[in-house]
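*Asks:* According to Swiss-Prot, the feature site 'Important for tRNA non-discrimination' maps to B:PRO91. According to Swiss-Prot, the L-aspartate binding site annotation covers B:GLU176, B:ARG220, B:SER364, B:ARG368, on the basis of sequence analysis. Marked as region 'Aspartate' by Swiss-Prot: B:198-201. The ATP binding site annotation in Swiss-Prot covers B:ARG220, B:ALA221, B:GLU222, B:ARG228, B:HIS229, B:LEU230, B:GLU361, B:GLY409, B:ILE410, B:GLU411, B:ARG412. What Swiss-Prot records for B:GLU361 is Mg(2+) 3 binding site. Look at Swiss-Prot and you will find B:GLU361, B:SER364 tagged as Mg(2+) 2 binding site.
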Protein chains: 2
Amino acid sequence: MYALGDWRRTHYSSEVNSEMDGQEIIIMGWNHSIRKLGKLVFIILRDREGTIQIVAPKQKVSEETFATAKSLGKEDVMAIKGKVVANEKAPAGFEVIPIEIKILNKADTPLPLDPSEKVSADIDTRLDKRFLDLRRPKIQSLFKLRSEVLKSIRNTFHDNGFIDVDTPKLVASATEGGTELFPISYFDKEAFLGQSPQLYKQMMMAAGFDRVFEIGPIFRAEEHNTRRHLNEAISIDCEMSFADEKDAMEILEKVINNAFTDIYNNNQKELQTLGIDLKVQETPFPRIEYTEAVDMVNAKGVEMEWGEDFSRPAEAALGEMMDGFYFITDWPTEIRPFYTLPNEDNPKLCKAFDLMYKDLEISSGAQRNHKYDLLVEGIKRMGLNPEGFGTYLEAFKYGMPPHSGWGVGIERLMMIMACQQNIRECVLFPRDRQRLTP
Amino acid sequence: MYALGDWRRTHYSSEVNSEMDGQEIIIMGWNHSIRKLGKLVFIILRDREGTIQIVAPKQKVSEETFATAKSLGKEDVMAIKGKVVANEKAPAGFEVIPIEIKILNKADTPLPLDPSEKVSADIDTRLDKRFLDLRRPKIQSLFKLRSEVLKSIRNTFHDNGFIDVDTPKLVASATEGGTELFPISYFDKEAFLGQSPQLYKQMMMAAGFDRVFEIGPIFRAEEHNTRRHLNEAISIDCEMSFADEKDAMEILEKVINNAFTDIYNNNQKELQTLGIDLKVQETPFPRIEYTEAVDMVNAKGVEMEWGEDFSRPAEAALGEMMDGFYFITDWPTEIRPFYTLPNEDNPKLCKAFDLMYKDLEISSGAQRNHKYDLLVEGIKRMGLNPEGFGTYLEAFKYGMPPHSGWGVGIERLMMIMACQQNIRECVLFPRDRQRLTP
């Protein structure tokens, strides 16, 4: 008992069908449900790819196999060697008659959360018992989609000449200001967790890498606890040289359009499990200038001044008017980060953009300021100290090309694609103000 | 000056050739070197893909263009609109005659490090001025290979049914013991940086994900400062259910063999720049049992007892006898982590393996202990407290399948592939005991 021995799975549940009538197979998974009808035991085995029905009639299987079948508890782990038998009356058109059953592990009772039940427990209970919650086909489907979305995004980057890089998450100083940072003790020094790879990906432009992307964790010690924020997230970042903000927006459109198209073409099974009717939105996405967006918000009766960022009610107002993805461009320079390039002709506006989906911000990007003097001015204007920027600033002194880029949180993208209202649904083990386990 | 305007690169340097005689192109990059011979200026423009020669004869270009060409300093960033002119006497069989030159940014003089010189500065100076060091074609080639290796590895995982996951780097407790952890203050709580995704990827097996991989940062507060260790690294981790350690070793062989094969087939240019004659080692890699390896080490005159881990001199002795990749299997249970599964017939040995390359450890893996009671015993035997393990241990109570997995550091893999002696060469911005910047 409990040892796999030389047994290996021959098929996932989804790979077995009635045309395999008479074939011997080995399937492995969990006891999703069991019904005992005297001399007949029905077992639903669940694996990652679906479920499959096993029928053990007392007169057709060995005594030991029948006893093992009857002894199975909910969520026990098992391997079944059996024969496929076509049967028109079975729900899938076939059943599996077991030849031998190995119990590979037992599950205690009662289960703290039952994966065979529809999602019902509150989100905190589900996250506390995440390993059980994640057994649900619906929840699993979301993370299968996420894996495929990341694959698609990386393919788009590679196909467009971007180099995959990893930059450090342990950083020496809290240079960017604004968002709060988590402090670490790094041997005898103080250090911080990176809140974004921004400064590093810009340095990679000075390094002549031309186009880079990075998909990795970012850490933000923000106090707010909303359905749209996390304290640890996975950020998709890119930066490209000799390119303006419009070039960066085009790459972003490609990345998102390809991701939706790839999922639409390859993952209908997961979409169906999630009950999602995925629409691939055509590119180019609509562009609205910031000033126009402010007017739209005011026209909707939500008051805001030119020069303010969009509040939640303002975003909601925009979301009511705009369907799907759209860009907001030409932002006031003073409400964007210091590394944003102001327009040459009207420096009150800058070459920044946000990508929105209805009322949700998906991405921020811009053409960056590549001129040393202007950058130092910008840093001072934000009340930051240029001396804290070390090598980052130095990189602008010795041949920094014009460059542009953006960042997207994979979790927010998954909220949109998988129609989720709470960002925690899109993370295996989320981290927020209260939650640090499991 | 400094603005890109509507100019866009039409070709990388490597895409221009003598058959394009007469064609107008736009190239962008750095002034790698310049020679002024009275009425003639020779410029070598360097971009990510190589270098290209521009010749500006005073009588053939506009006065302004000639003046701009002459004014160029080393490592200035420029865009050149020019005409390709076939010329048998030119080193590449053609030159570019400039029509217009835009200077996009100036580089201060003197440069703290000259990218056009052969690598010579000591590694600390190079890492301090990494953005300049990384402009060197040789250094850049290593990171192009790294990007392609990661792409290949992800493809192998996807092709073999592994789901890409991200697990948290902020963890609540120092459960695994042994290696030192970096403490963080997480709001009002104490937390730590994850030293490996081990416990999380095992929980993903309990969650029924069947096969997962993760490529992400790990953080180790180890004091030692060697040429083979980093305090922040990128770990390639995988875990698979219903599989023993031999299955895990086969996946590892596939991952490494495919990576070497893909690089061999697609990246000869970078290999040549690095001066590497890459050999793809055939699989299966040789397997040596631990006990046999101890005998080999002793026979080489390096003393070690059965039950000890291999010291550096012991690894060196093995490296002299073994060429290329090889596995060490069947380790003593007591020197492997608590989550390793002991052999059923002889529990003094366990189902662990290391993958070595000559004298360098590349990977550790094992079939894991999936039995709750045995696991608790193992935790206690290591002097750890089972109560600290929370949900991790709980996951073994409710249906944990047999599973196996391993981890590989991308930096060590790149040391081997790119023939590097110092692991810092394989990281853009390395973190070690002394180094936290840039």
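Each Cβ is built from the backbone N, Cα and C atoms, and glycine gets one as well.
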*Asks:* Take the region 'Aspartate' (B:198-201) and find every residue of the same chain, 6 or more past its ends, with a Cβ under 8 Å from one of its Cβ atoms.
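*Replies:* 165, 167-168, 175-176, 212, 214, 237-239, 337, 339, 389, 392, 405, 407.
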*Asks:* Does DSSP put B:GLU361 (ATP binding site) in a helix, in a strand, or in coil?
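*Replies:* SS state of B:GLU361 (ATP binding site) = strand.
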*Asks:* Sequence gap of 6 or more, Cβ distance under 8 Å: name the residues on the same chain that satisfy this around B:ARG368 (L-aspartate binding site), in order along the sequence.
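*Replies:* Set apart from B:ARG368 (L-aspartate binding site) by at least 6 residues yet with Cβ under 8 Å, we have B:GLN202, B:GLU239, B:TYR339, B:THR340, B:LEU341, B:PRO402, B:HIS403, B:SER404, B:GLY405.
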*Asks:* Around the Cβ of B:SER364 (L-aspartate binding site), how many other Cβ atoms lie within 10 Å? Please give the count over every shown protein chain.
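*Replies:* A 10 Å sphere around the Cβ of B:SER364 (L-aspartate binding site) contains 19 other Cβ atoms.
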*Asks:* For a three-state summary based on DSSP, what are the helix, strand and coil counts in the region 'Aspartate' (B:198-201)?
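*Replies:* Per-class counts: 4 helix, 0 strand, 0 coil.
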*Asks:* Given the binding-site residues B:HIS229, B:ARG412, which one is most crowded in terms of C-beta atoms within 10 angstroms?
*Replies:* B:ARG412
*Asks:* List, in sequence order, the same-chain residues at least six positions removed whose CB sits under 8 Å from that of B:GLU361 (ATP binding site)?
*Replies:* B:GLU315, B:ASP354, B:LEU355, B:ARG412
*Asks:* When a 10 Å sphere is centred on the Cβ of B:PRO91 (site 'Important for tRNA non-discrimination'), how many other Cβ atoms does it contain?
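*Replies:* Excluding its own Cβ, B:PRO91 (site 'Important for tRNA non-discrimination') sees 10 Cβ atoms within 10 Å.
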*Asks:* Rounded to a whole angstrom, what is the largest C-alpha distance between any two of the residues B:ARG220, B:ALA221, B:GLU222, B:ARG228, B:HIS229, B:LEU230, B:GLU361, B:GLY409, B:ILE410, B:GLU411, B:ARG412 that the record assigns to ATP?
*Replies:* 19
*Asks:* So if I draw a 10 Å sphere around the Cβ of B:GLU222 (ATP binding site), how many other Cβ atoms end up inside it?
*Replies:* 15
*Asks:* Would you mind checking how many other C-beta atoms are within 10 angstroms of the C-beta on B:ARG220 (L-aspartate binding site)?
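*Replies:* Looking across every protein chain shown, the total is 19.
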*Asks:* Taking the Cβ of B:ILE410 (ATP binding site) as centre, how many other Cβ atoms lie within 10 Å?
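*Replies:* I get 20 for this one.
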*Asks:* Can you give me the average pLDDT across the region 'Aspartate' (B:198-201), rounded to a whole number?
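*Replies:* Averaged over the region 'Aspartate' (B:198-201), per-residue pLDDT gives 96.
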*Asks:* Cα distance, B:PRO91 (site 'Important for tRNA non-discrimination') to B:GLU222 (ATP binding site), nearest Å?
*Replies:* 51
*Asks:* Can you tell me the CA-to-CA distance separating B:HIS229 (ATP binding site) and B:PRO91 (site 'Important for tRNA non-discrimination'), as a whole number of Å?
*Replies:* 43
*Asks:* With DSSP assignments reduced to helix, strand and coil, which class does B:ARG368 (L-aspartate binding site) get?
*Replies:* strand
